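Below: the structure, in structure tokens.
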Amino acid sequence: CRRFTNRKLKKLTNLPRNMIENSMFEEEPDVVDLTFPALDPDEVVYEPRSSRLLVRGLGENDMDEDDEDCESSARLLGMSFMNRSSAHRSSSFPYTRQAPPRSCSRPSARTTVVCVLFLVIVASMTMVLYFLPGCTFTKAGCRKTNKTTPFEPVYPLSTNGKLFPWAQFRLPRSVRPVNYDLTLNPDLNNMTFTGRTVITMSVLHNTKIIVLHSAHLNITKATFKVGLEGDVTVLEYQTRQQIAVQLSEEMKAGQSCVLTLDYSASLSHTYDGFYNSSYIDKEGNKRVLAATQFEPLSARKAFPCFDEPAFKATFLIKISRKSNYTTLSNMPQVKSTPLPNGLVQDEFEKTSVNMSTYLVAFIVADFTPISKNVSETLVSVYSVPEKKEHTDYALDTASKLLEFYNSFFEINYPLKKLDLVAIPDFLAGAMENWGLITFRETTLLVGNQSSPLEKQLVASVIAHELAHQWFGNLVTMSWWNDLWLNEGFATYMQYMSLQTVFPTLDIVSSNILRFRALDKDALNSSHAVSTEVNNPEQVEEMFDSVSYEKGASILMMLNTWLPGKQQFRKGIIQYLKQFSGLNTDTDDLWNSLTQHHNVSEMMRSWTSQKGFPLVTVSRQGGQVTLTQEHFLLTSDKATYTSSLWNIPVTYVTDNCKTPRTLELPESVKWLKLNYRNTGFYIVHYGDEGWAALKDALSSNVQVLTQEDRASLIHNIFALSRLGRVSFYQVLNLLKYMSNETESCPVTEALLQLNVIYRLLDKRQEDSLVARMKHYILYRFGSLMDNQTWGEEESVSKQELRSALLGSACSLNQENCIQQAKALFKHYDESNGTSRIPGDLQQVVFTVAAQSNEDWLTLLHMYQTVTYDAEKRKMLRGLASTQDARRIVWILKAGLRGDIIQTQELPLVISTVCNGFAGYLFAWDFIQENWDRLIEKFPIGSYAIQTIIKSATSQFSTQAHLDRVQGFFSSLKERGSQMRSVQEALETIRLNQRWMDKNLPTLQKWL
Ligand SMILES: [Zn+2]
């Protein structure tokens, strides 16, 4: 039994170092075939001989050997340089490409962008590997390693004691659903429903069984028809949420058949499946409603179905309701029929498109709409009646974005209507159900007086969900391993469309999210963008910043690299057209984008292995050498990887000439790679390189864009965590901060310093905490003092001041506290006539919550205010209290779900954890209530990821590490295997390491 791999080098990480070595070179080394990409000859100068650019694709460990040998063993198969010169304009934006000007228009801020494709292959990596993961030799030989198809499957027992005829997590491919007829009868008084599902299927391979999904449904009757109709027995295996029908005779490929299932169930009390929700109306009455949330695995809780994204079908849906309610579904309603029992049955058009089950949706409620026609589509926004006045902005925004996407993709939105609905109880931000997008109230409703920052959030979420109508709904990933095809794209399109359609909403803050994705991906517990998914928890875990932010980042990097303004767009249009109505995997996308350039080759290095590269720059005179290695914070022999990436490197210098190689004139003072932070990598410039950049910024901040400045700040903190630069160098770079004017670099710097501040605080390093506080107030003091407290229109100024004032007040800066208190007092006394500027509400409420009396006032406001965005900021204020009794109360209230909705519990926990008093309470609370938490939020879900991360990421001692480890390992199948647990443990170890190493440094330098 041997397994050969040279593509999936990530497998190496699973093996201890010695096992890797033992398994090497047992056979002739095989050379990995990396073909040189076809490049447009006009744009390329290929001159590897004269090039001074050397990429050593060697990790740290290899460098221990003789340098000469390393170089000679490195085979540079190809290297190409494309030169592009562009003047740097601070208004341009990396998501939308700018046509390069012909010459430098602004000599004072000259920029050269050179994209370099590195194609490097190192002979030491081109090896044949043998390894035997869990493989044992038996008489029968080695079993196949593919765990989903074992040789002799062990069939589980059904609920009735008979053998269940299917032993895998994924469904068999022998039959395919063609159409579902769904009839649903919800009873909102008793919180139950009954249903009938009629599934028409076609047989793809001869089979005697039909296996599909069903969860918590009580199936009362089942009939089956292939030719003649007859009753059948349905077997159920609850652990995998599967049901099976065993037939006496084999069905033949090409036949079609119909399965009819009658069932009853309870409306769900969590946030998935067909769940009940409620709100209190103006008169103080409780109004109940029912809505759905099926992604990823919960359609099976509302109707029996083939609940995998590749089983697309059409749907015809009928729902009964009381006469004072309305119903909504993916398609327009075609008729309403009075039923004998006094109810009304609404029937919707059969879907005009094939659709995955997770996109089906229906709602029974008393919402009111506002509507508008956009080309062929009726766009409507629904809310509870008293919030109707908050829906105008969403309707206008959705209409503009729909028009934009229709023309950008050159494919019209295929349905006749598009509803956007704000649901009072909703866990995710929003859900892209085809034709019936559901939102939290905060992400859809905007008050008349809302600030641009609040509009930015709503516009971003709408842009994201609308993009899904193409990326995700029209073309869907075949399986959850490629979730990034949905989420990375929607995230990318969200930024891109906003920049184009609403440029005043200025969204450079997306850089901050990408920095967080880098931080997560720097851990050994991270995963490849496209990664194996074999159980429900792993499906849930795919909804993380790697799928969303890293996915979006690598698309942006690709867009920057592809020559010509439209090539990326043309590629994705071709992809959407070619696979319209179908399912795809990552390679399908790369193949569509490969026209003149070999995109697959480059992009696979970003999607098939976890992590990202650290590019180290060294200059000797005019010669610049770049080397790459895996940026891994937990780097030791056990986790060593020899991963390499094809990195499209961009750079900017103080010289306007456009060198074709990275051979720079000696007069060039500084060099910054990753121009405008469009690449997903970190750069180390060496001591001199960093010093030169710091000098350049100190004399003129404008020599670099704010994205570049922010990425320098992020990178240097990351390098200090890795141990490559000292904390002194970090502080040295931050000296330029007093001249900083933009939100992105300031926010990133404060965020990074705050992480350290909190670690010190939680370790009770009181003298260092005081010095850190003094340092932040000293370094940012003049910027903080310059902020105003009145209404402010510019989004970037709002972002800047909310970051600065948030920090100032949390560090108890006198002036900030007084201003905030005064605003709160004025607001409270005005009886709703005055308002606090939207971007300052958080700061003001947080300050107010620290006083005994104002906390109670704030709680009263929280219970009465209708506008959800404001309400959420009040909640964060309430949760920031340092009063132990109130902390415990608010955690419990969040779990109970009466005064504080349970959907807000992750937010409550993460806010509580920031404070010194709160973080220990929160950890106890999580341990004590774990079972109730995973009842409300699925294991692995983003909510659980947030809860674990916020509760553990500030621990930095062995005792805490032991406690966290002990707790999670006691959970067994209740969540011990989650990736976020690995991430938590790794983070605590890294915190511990950082503290051991840097406490003395901080004593010295702060
Ligand atoms: Zn999404």
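Cβ coordinates are placed from backbone N, Cα and C, and glycine is handled just like the others.
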Exercise for the section: Kindly point out which candidate in E454, E487 is recorded by TrEMBL as part of the Zn(2+) site with H464, H468. Expected result: E487
Practice task
Report the residues of the chain - excluding H464, H468, E487 - with C-beta within 8 Å of the mean position of the site's C-beta atoms, for the recorded Zn(2+) site, in sequence order.
Solution key: E432, E465, A467, F471, G472, N486, F489, A490, T491, M493, Q494, Y548
Problem - Other CB atoms, at most 10 A from the CB of E487 (Zn(2+) binding site) - result: 25
Completion exercise
Note: in the chain of H468 (Zn(2+) binding site), residues six or more apart in sequence with C-beta under 8 angstroms of its C-beta are E432, N486, A490
Practice task
Out of H464, E465, E487, point to the one nearest Y548 (site 'Transition state stabilizer') in space (Cα versus Cα); all of them are recorded positions in the record.
Solution key: E487
Handout entry: E465 (active site, proton acceptor) and E487 (Zn(2+) binding site), distance between Cα atoms, whole Å
Key = 10
